[in-house]
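*Asks:* Here it is: the structure, laid out below.
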């Protein structure tokens, strides 16, 4: 087995374990919280998350990515980035603290003030472990990351559940997030071989800022695009509607981000190691795109088919209004891993200028789609979200072609048969679900999922899908002992 294959194998296994374990725990806890709490509680969290996401984009600033891709990074680099992140967080928190009343008046809810001021502490807390996390990522120490994240997430989950059962409402969601971060700081400092030294070099910090500031601006714009829908829904519709929307988006993100985080966290440092060989990067990158799309598409289609019985079983009837939101959001979820993978190419080749340019274009696309979709209500916004996501794919691939030999047309041709397989499977799966209407709801769920996935795999086998062969090859690589 080659060195790259060995790194890929180990990275995928431990990154997968980390994400399955931790996201699985979070997912199970969220199910219980959704049954205890109300859509209004999740709506309030959605409003706060708008500003927390923007703040996190500023704090991370792309400097962590700079550390990961810098093959010559030393303790001096780590020290500079650590203090840089800490200074930014200490400047940002007071701004959020004093603007909280303005945000509260805008959304006409007094509870927003204390919620934002408390949750905003996450800025400062995160700054204390972000560089250690980046070092582990650079070293591809995914086993260590899993071992450290696990206890922190479990502790946070316990805090959240206990708080919810004690009737703390939306605060239980805040306590869960903050306690998880606090324990991450504790564990990362205990088990990291690097600790910050007093003082740092502004010259070194400037080097990483030069790489990271464009990524920071891009991250801010990306966060603004992601949260723009929540901002409009929270202001012009209702907090309850925002709760349904945000819970649907979070539920969709579990499987989508599981795959994209696993693949991205492994392939970004891996591809960075071979960045000087564009041909090799291009070949591996194309396989990653095809494999991700082949896996995530049938998964999301199956969830679309069984959304109603699934929400009834997991979240109870009070969340049924969220079902159509989830089904439309799941369509855009199919493209999220592809977007993330496409964007990594610009980071690998240090083309943050192109990264920033395409983010500006996508922000304009989102603004136009929001302006058009708003006139047709919440569903108009959701359909506009689908449209802007598809157009965003064209933007990403157009600029990506400037770096590697994998054009928009190449990607579309690779995706086309998968889309056909998934579309046929959707209609057959929906028909099977309707025919099982007399069965118990759990059996309806099983019929819908199994029938959809079996149809998809059958079509892929019959038509000898290239992506299926590559996914099987990747599976053999991961399972192979030597």
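For all residues, glycine too, the Cβ spot is worked out from N, Cα and C.
Straight out of TrEMBL:
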TRANSMEM  12-36  transmembrane segment
TRANSMEM  42-59  transmembrane segment
TRANSMEM  80-103  transmembrane segment
TRANSMEM  115-136  transmembrane segment
TRANSMEM  148-167  transmembrane segment
TRANSMEM  173-191  transmembrane segment
TRANSMEM  292-313  transmembrane segment
TRANSMEM  325-346  transmembrane segment
TRANSMEM  358-376  transmembrane segment
TRANSMEM  412-434  transmembrane segment
TRANSMEM  440-463  transmembrane segment
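Burial and contacts for the listed features, if you can.
*Replies:* Counting same-chain residues at least six beyond the ends of the transmembrane segment (80-103), those with a Cβ under 8 angstroms from any Cβ of the stretch are 47, 51, 55, 58-61, 63-64, 66-67, 112-113, 116-117, 120-121, 123-124, 126-128, 130-131, 134, 196, 200-202, 204-205, 208-209.
If you look at the transmembrane segment (115-136), the same-chain residues 6 or more away from its ends with a CB under 8 A from one of its CBs are 44-45, 48, 51-52, 55-56, 59-60, 64-65, 67-68, 78, 81-82, 85-86, 88-90, 92-93, 96-97, 100, 103-104, 142, 144-145, 170-171, 174, 177-178, 181-182, 184-185, 188-189, 192, 194, 196.
Taking Cβ pairs closer than 8 Å, the transmembrane segment (173-191) reaches residues 29, 33, 37, 41-42, 45, 48, 115, 118-119, 121-122, 125-126, 128-129, 132-133, 144, 147-149, 151-153, 155-157, 159-160, 163 in its own chain, all 6 or more past its ends.
Long-range contacts of the transmembrane segment (292-313) within the same chain: residues 252, 255-256, 259-260, 263, 319-320, 322-323, 326-327, 330-331, 333-334, 337-338, 341, 414-415, 418-419, 421-422, 425-426, 429-430, 433, 441-442, 444-445, 448-449, 452-453, 456-457, 460, 465, 467-468, 470-471, each at least 6 residues beyond the stretch ends and with a Cβ under 8 Å from a Cβ of the stretch.
Below 8 angstroms of C-beta separation, residues 217-218, 221-222, 224-225, 228-229, 232, 236, 346, 382-385, 387-388, 391-392, 395-396, 399 of the same chain, each at least six residues beyond the ends of the transmembrane segment (358-376), sit close to that stretch.
Remote same-chain residues near the transmembrane segment (412-434) are listed as 286, 289-290, 293-294, 297-298, 301-302, 304-306, 309, 444, 447-449, 451-453, 455-456, 459-460, 463, 465-467 (criterion: CB distance under 8 Å, separation of at least six residues from the stretch ends).
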